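Written below as structure tokens is the structure these notes are about.
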């Protein structure tokens, strides 16, 4: 597909006024045949694949947004965890108050003022100058003096190789640190032992140096504002793990136990929140320096009172919805009764009455509460109606048995669901009806039963669909056409299995296809033409049957040719001669009388007569199966069959030395060229509707005028 053609097609499909139906109609009118439509289909498919690739690329580009979403989820999870932890601590604190002595409480009042905003564990840690970390590792807090902070940083710089230049930042201090084990994210294989150092604005990950006890090497440094922490649920033996997300990578670490893991999660979230609050305060202070002039006071704005009155007016009106009527108060219970008694129409009538009453009214809390109760009943009613249309229910009632449930679903505003369930129910019914047909007797008898059952069911379904969904969205009709195409595929599967897979004769197959076409044309009564679908589904099987029968004729003709003695036929009795004349007249050979005499002799070879009957029979049966997609297959098969007989006559004429037999062969050749071929050509044109140039060329290229007496080979 060229770039210009692709861009032109893309612009056409992306235009605001694009209409698919008009586009397909114009395309069908402008195309020369099936090949053009196939090429256009390939172009549309290529454009669809290109669009899919662009969509994948856009999804990958939006991966950062996914990371941000995961980060916010982890924030929420951590906050919920901390809230639960704080509530537990507050509960234990309140329970311990009655047990404390009043003098002790008075003595502790002076020291409790500075730590009143923190939990018990944080208050004790603040008094000691540090927060306890895992396994005795100190967790420094912002309350530690400048000297302690500097001392902690100095110790850190001495233990970690390669981080001195990275951590010399004013105001930076150590908050928490501890040993961790890193795991591979995909296969959960252990990678290495690391040590984590959490600062007030970043997280440092360092690897162990096995040959140097207590020393580490710098591995990675992550700013806290770009870091998301996710708790990993325990899945033994993998437990006590948490994940760090840093676009575009993630790392999984395992703590020594559940307590240390909890400490890591808490302190990471606390530090991230503190950093966020600090930067927000800095932004607010910076914004305050360039704040706009003060807003006009309330007393100097004469319009503010009027605006407040206007805003208050709807609120007052919202409270005036009257829900005290008895039928509204009892509506939820009445809906329950209707659903229990399977009074679907009554339930929907009540809902319509309520919607009509509340149509133009506001939605104060009382109305919202009523709506919530009613919506729950609507959900229950929908579930019951869906069950009524499920294929598991009895299918004996036919399409009309579904009308009640379908109509109520449409009234509830669920037309699409009603359409889907109705068609699914009818598909199950059609499948069951086809499966219950007994295969017995002749194939044609079974096909008559199959066509009657299937097309009658399809016609009833179409009429019921038109009744139920009249006036609804046109998309439902598109869904019905798709369903009919699928149902036709189910029918063709059963049809082909019995007709073509069982190797029936071509005449039987032709009669069966004729019966199916006649039934399919009955759907035209309701404006539904599925003939092209049945053609498309049967073309492969019919083509195979034609080619198979062609090979049978060719083999039979070659076998007769091998035994050819070039003698006149002797039918022995006048009755046999009369029967042959009748057969030739039915084949379209009207001048057969000139090749017969007063006695029972026929001045033609048995091989030529048998070939004529077999070829004309093949043509008649093939024309019953004909539709445009099979034109070239039928034409090429006819030409190939005729060439076998013509070449045999030409070869025999060259090789025969007896003058009397040579004259007889010429008479048979004249019968083939002057009688049989024109009949084949005329009958083909009558059945197809247009002449066949290949047959004309075959007849016009008379072999009798090009015979080389010295040649002993046939001209192909």
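Each Cβ is built from the backbone N, Cα and C atoms, and glycine gets one as well.
Among 169, 313, the residue that Swiss-Prot annotates as phosphothreonine is 313. Which of 110-149, 190-229, 230-269 counts as region 'Disordered' depends on Swiss-Prot, and there it is 110-149. As stated in Swiss-Prot, the feature region 'Disordered' covers range 275-319 out of the listed 275-319, 320-364, 365-409.
Long-range Cβ neighbours of residue 15 (phosphoserine) (same chain, at least 6 residues apart, Cβ-Cβ under 8 Å): none. Counting residues 6+ beyond its ends, the compositional bias 'Basic and acidic residues' (275-284) has Cβ neighbours under 8 Å at 200-201, 224-225 in the same chain. When averaged over the domain 'PH' (173-273), pLDDT in the model lands at 85.
The secondary structure of residue 15 (phosphoserine), as reduced to three states from DSSP, is coil rather than helix or strand.
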